[in-house]
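What TrEMBL says about this protein:
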type	residues	note
ACT_SITE	SER33	active site, phosphoserine intermediate
BINDING	SER33, ASP413, HIS414	Mn(2+) 2 binding site
BINDING	HIS94, ARG124, ASP125, ARG156, ARG162, ARG233, ALA234, ASP235, ARG236, LYS305	substrate binding site
BINDING	ASP372, HIS376, HIS431	Mn(2+) 1 binding site
DOMAIN	2-470	domain 'Metalloenzyme'
DOMAIN	53-268	domain 'BPG-independent PGAM N-terminal'
Amino acid sequence: MDTLAEAESRGEYTTLDASGLAVGIPAGVMGNSEVGHFTIGTGRVAYQDLVAINLSISDKALASRPVLVDAFTTAKSKTGRLHFLGLVSDGGVHSHIDHLEALLAAAKEASVPQSFIHFFADGRDTAPVSGVQYVGRLQSYLSSLQYGTLATLTGRYYAMDRDKRYERTKLAFEGLVKGEGERVTPDNLIQKMEERYSLSGKERQTDEFMKPLIVEDAGTIRDSDTLIFIDFRADRMRQIVEALGLKPQFQTDAIPRDLSVYTMTQYKGEFPFPVIFPSDTPKNSLAEWLSAKSIPQLHTAETEKYAHVTFFFNGGVEEAWPGEDRVMVPSPKVATYDLQPEMSASGVAKEVVKAVKSGKYPFVMCNFAPPDMVGHTGVYDAAVVACAATDVAIGEIQRACEETGYVLLITADHGNAERMIDEDGNPVTKHTTYRVPFCVHGDGCKLLEVTHDPGLADVAPTVLAIMGLDQPPEMTGQSLLATPN
């Protein structure tokens, strides 16, 4: 990482807290792309959905949430069949198993006749073959609760695709609706998962890549059933929710009619579904503040991270602000990104260099996907290539900034590729809680000798200080710039 190393040697370098309370999630919990971009783009720490839902459970207020009460009432008045769908783990990035357990208890208390669980296996934000632990925990909970049925299990690679790979979504959909998949029983489900773990080569299936396992045929989704999607993170729920709640983007001969769909949080502005935990859109994000001052801006990333430089960076706002242009560079069409670890870093860099040299945009921001996306594969050599390709791309942008007088800021929304192997020599596929770099490179720009613990919320105020702009009162972060440019 020559570019970052040079920045550190010039004294243009510090580190930022990108996990836990610094990004509005529980202390000690690793950061993620959603909360990271939200915190960077809004310049403040906002308690994220995970924390809000946890508080609702601990305060015993979950069961009285109006939309959840409505979901239970609807289920009872229609077929009496309620389905919970989502990622089941304690990764805390997209969902949490605690939330599912609390929802099941609330459904039982509300006397919903039948509840079925459609278990999306993790293995990405958790260890690759830890799914059996969560299946075991859920089965024990259902037994003690004496309520609820585990109906299907599918890996998130299929059920939670976000890259318009609709063939993946279709595989998950037809398991949920048609019961297409391998038949198992509650008693041999864990054994079947372990058998798939033990296969070799392309036949091996870890949690993330589990093809549908059908545990209970009666639990498939039928006409007029009620569905609750339990994930609190939006991006990987959109395709499967669209397929079940609106219209599939693929050919299928099985489309359940008259479904009542509820979501834990707002997955997309255009979705008409009731939301159990609606969130207030933060006022005066960096993008909104620049737009209000008629300052043109460009946001760019490849497909895998496009939602992060737009929706999440803008504080959950789907539409671009006036004067905000967006460019999406296609991600490579490969099964897993260790097969093309540089991804589209070069293409993103070209868009940034073009924008900088045009002089049209006083503010340009981008995301480089390779260190995160390839880090998730757990393939060390591929991660090295990914980081090197990203460093080369940043170097190209740095040269363009030096030629045109732009100030370059480099940071990350969370940790990942810096830890690819654990203490036992096993591959690591999840994020980390390590601090992330923050570099500022430009004439007259030096970093403060900070007296507080800097975090991602300090990035947007630093951008505004560099641009000579005032900071909106809603931004609670602090500028890290010693000498405004």
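Cβ coordinates come from backbone N, Cα and C, glycine included.
Features per TrEMBL, on structure.
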{"residue": "SER33", "record": "active site, phosphoserine intermediate", "DSSP (3 states)": "helix"}
{"residue": "HIS94", "record": "substrate binding site", "DSSP (3 states)": "coil"}
{"residue": "ASP125", "record": "substrate binding site", "DSSP (3 states)": "coil"}
{"residue": "ALA234", "record": "substrate binding site", "DSSP (3 states)": "coil"}
{"residue": "ASP372", "record": "Mn(2+) 1 binding site", "DSSP (3 states)": "helix"}
{"residue": "ASP413", "record": "Mn(2+) 2 binding site", "DSSP (3 states)": "coil"}
{"residue": "HIS431", "record": "Mn(2+) 1 binding site", "DSSP (3 states)": "coil"}
Next on the checklist: Of the recorded positions SER33, HIS94, ARG162, ALA234, HIS431, which one has its Cα closest to the Cα of ASP413 (Mn(2+) 2 binding site)?
Outcome noted: SER33
Checklist outcome for this item: Taking every residue in the domain 'BPG-independent PGAM N-terminal' (53-268), the average pLDDT works out to 98
Checklist outcome for this item: Check: min Cα-Cα distance from HIS94 (substrate binding site) over recorded positions SER33, HIS376, HIS414, HIS431 goes to SER33
Checklist entry - ALA234 (substrate binding site) to HIS376 (Mn(2+) 1 binding site): how many Å between their Cα atoms? => result 19
Checklist entry - Using a Cβ-Cβ cut-off under 8 angstroms and a sequence gap of six or more, which residues of the chain neighbour ARG162 (substrate binding site)? => result ASP235, ARG236, ARG238, GLN239, GLU304, ALA307
Checklist entry - Which of the binding-site residues ASP125, ASP372, HIS376, HIS414, HIS431 has its Cα nearest to the Cα of the residue listed as 'active site, phosphoserine intermediate'? => result HIS414
Next on the checklist: Cα-Cα, whole number of Å: HIS414 (Mn(2+) 2 binding site) versus HIS431 (Mn(2+) 1 binding site)?
Outcome noted: 7
Checklist entry - Which residues does HIS376 (Mn(2+) 1 binding site) neighbour through Cβ under 8 Å, counting only same-chain ones at least six apart? => result ARG124, TYR337, ASN416, THR429, LYS430
Checklist entry - So which other residues, same chain and not among ASP372, HIS376, HIS431, have a Cβ within 8 Å of the centroid of the Cβ atoms at the Mn(2+) 1 site? => result ASN32, SER33, ARG124, PRO371, MET373, GLY375, HIS414, ASN416, ALA417, THR429, LYS430
Checklist entry - Just the number: how many Å between the Cα atoms of ASP372 (Mn(2+) 1 binding site) and ASP125 (substrate binding site)? => result 12
Checklist outcome for this item: Around the Cβ of HIS414 (Mn(2+) 2 binding site), other Cβ atoms found within 10 Å total 23
Item to check | Maximal Cα-Cα distance (Å) across residues annotated as binding substrate, namely HIS94, ARG124, ASP125, ARG156, ARG162, ARG233, ALA234, ASP235, ARG236, LYS305 | outcome: 17
Item to check | Neighbour tally for HIS431 (Mn(2+) 1 binding site), based on other Cβ positions within 10 Å of its Cβ | outcome: 27
Item to check | Length of the line joining the Cα atoms of HIS431 (Mn(2+) 1 binding site) and ASP125 (substrate binding site), in Å | outcome: 7
